[in-house]
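Step one of this worksheet: look at the structure below.
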Amino acid sequence: MTAVFVAGYAGIIVEEGLGLSKAAVALILAAGLWSIRATAEGLEALDLEMGSALGEVSAVIFFLLGAMTVVEVVDSHQGFKVITQSLRPASRTQLLAAVVGVTFAMSSVLDNLTTTIVMVALLNKLCPEPETRRFLGAAVVVAANAGGAWTPIGDVTTTMLWIHGQISTAATMRDLLLPSAVSVAVPVAAWALTAPEITSREPLLLTSSASPTASSSSSSGHSSSEGAAAAASAAGPGPGATGSAGSGLEAAPPRSNLVLSVGLGSLLMVPVLRAWAGLPPHMGMLACLGFLWLVTDAIHFGEGDRRHLTVSQALKRVDSEAVLFFTGVLLAVAALDKAGLLRELAEALSAALPRQELVAGVIGLASAVVDNVPLVAATMGMYDMADYPKDSDLWQLIAYCAGTGGSLLVIGSAAGVTLMGMDRGVSFGWYARRITPWATVGYLAGLGTYVAQQQLMALGG
């Protein structure tokens, strides 16, 4: 089974170069591993194991499907226009700080991919200087990945850990907010002092603010390259396109502010329902989606030309390929878990890396190169919650490292892949030279901040 998983994982890593579908590889991998499991245990035992695995996997998938649909509905109503039009910088440094701040806040509620699409599309219309725009786009990637790491709904990996009970809402936000903020504040401060695109004394030229259109289905995390590429394509022409900033923009649909408030309120209500009513996250998300569905049906009742703005139409635009990819990966990892292979790997890893910080740090570095969804899914099966209970340092470090580690290379996250698709000036080499060094310093600074913070809390407690 290990050999089959490694072969399938290699197929996921090289899927773009070979022109393969990552979702197809993941689904075949899952089917193959469970087939091997069936020959070893028999069909009766397989039914019991599969039932347990499907229950866990479906909770994640239903949550992601609901979240992706809510974001799609808000985006189709141009609800993010209110947020992005608030940017009124007077200098390049202020523009950098404003873009990073808005991105960090948005990605804590939305997902990294959607936030990146919205902000990069805004920069394409707002900033006519190619070099400045490219650099700010890279800063958006770092801020989006950091912002998604400190809330249960900001990144697919933290969502997975939250749904399966490894982390809780309050403790995660309390303990990971400062490290996540440090991981982006350190590189931003360095860039503000050293980056020529930001320190230039040339007057800052900005076009009038326009509403970015991120009308693409997003995957809730930094794991789907296909979804990112499709999103970049759907988001409109890149910076090489000509035309004025306001050309081709349609007016925002009526009551777009209402849809934004209901949509974001729905996302924020999920952890509240979990804490107050004990409602499982996926059920809370589906309930909130149902409420938004009724609201959009009501406000567009009798408007035949606006039926495309309703939830029923948004469901058709959700990135189903990304959902199937998550399904395949989680089922494949579940097969390894049932076979006991993840437990053996955990014991070997613990022997080689005795400190939790080292284990999580390695996972974060690996997520810069390979997909973080299977990495985190495997880690969840490797370590028993009897040894590492809810909100232990290991789980919180994994949430932080897997989320922010994707910023170290441009190919390490869907946000980075999206940037490459939307701004053709961004290359792997340019990002590695200009962004990776300080992004790595920020990643390590955030990791150190978490360790110091926990030590201080232990002394104070």
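Each Cβ is built from the backbone N, Cα and C atoms, and glycine gets one as well.
The annotation compositional bias 'Low complexity' is assigned in TrEMBL to 209-236.
If you look up TrEMBL, you'll see 237-246 marked as compositional bias 'Gly residues'.
Feature annotation from TrEMBL assigns domain 'Citrate transporter-like' to 10-387.
Residues annotated as region 'Disordered' in TrEMBL: 209-249.
TrEMBL lists 50-74 (among others) with the feature transmembrane segment.
According to TrEMBL, the feature transmembrane segment maps to 95-123 (among others).
Long-range Cβ contacts of the transmembrane segment (135-164) within its own chain (Cβ-Cβ under 8 Å, at least 6 residues beyond either end) map to 56, 59-60, 63-64, 67, 95-96, 99-101, 103-112, 115-116, 119-120, 123, 127, 172-173, 176-177, 179-181, 183-184, 187-188, 191, 195, 197-198, 219-223, 267, 270-271, 280-282, 326, 372-373, 376-377, 380, 395, 398-400, 402-404, 406-407, 410, 413, 415-416, 419, 422-423, 426, 431, 434-435, 439, 442, 446. The feature transmembrane segment is assigned by TrEMBL to 135-164 (among others).
Same-chain residues lying 6 or more positions outside the transmembrane segment (358-377) and placing a CB less than 8 Å from one of its CB atoms are 9, 12-13, 156-157, 160-161, 221-223, 325-326, 329-330, 332-333, 349-350, 394, 397-398, 400-409, 411-413, 443, 447. Sequence annotations record features per position, and here TrEMBL assigns transmembrane segment to 358-377 (among others).
The list of residues near the transmembrane segment (397-420) in space but at least 6 beyond its ends in sequence, with Cβ under 8 angstroms from a Cβ of it, reads 112-113, 115-117, 120, 137-138, 140-142, 144-146, 148-150, 154-155, 157-158, 161, 167, 172, 176, 179-180, 183, 219, 221-225, 227-229, 231-232, 235, 356-357, 359-361, 363-369, 372, 375-376, 379, 426-428, 431-432, 435-436, 439-440, 442-443, 446-447, 450. The transmembrane segment annotation in TrEMBL covers 397-420 (among others).
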Predicted model, mean pLDDT over the domain 'Citrate transporter-like' (10-387): 78
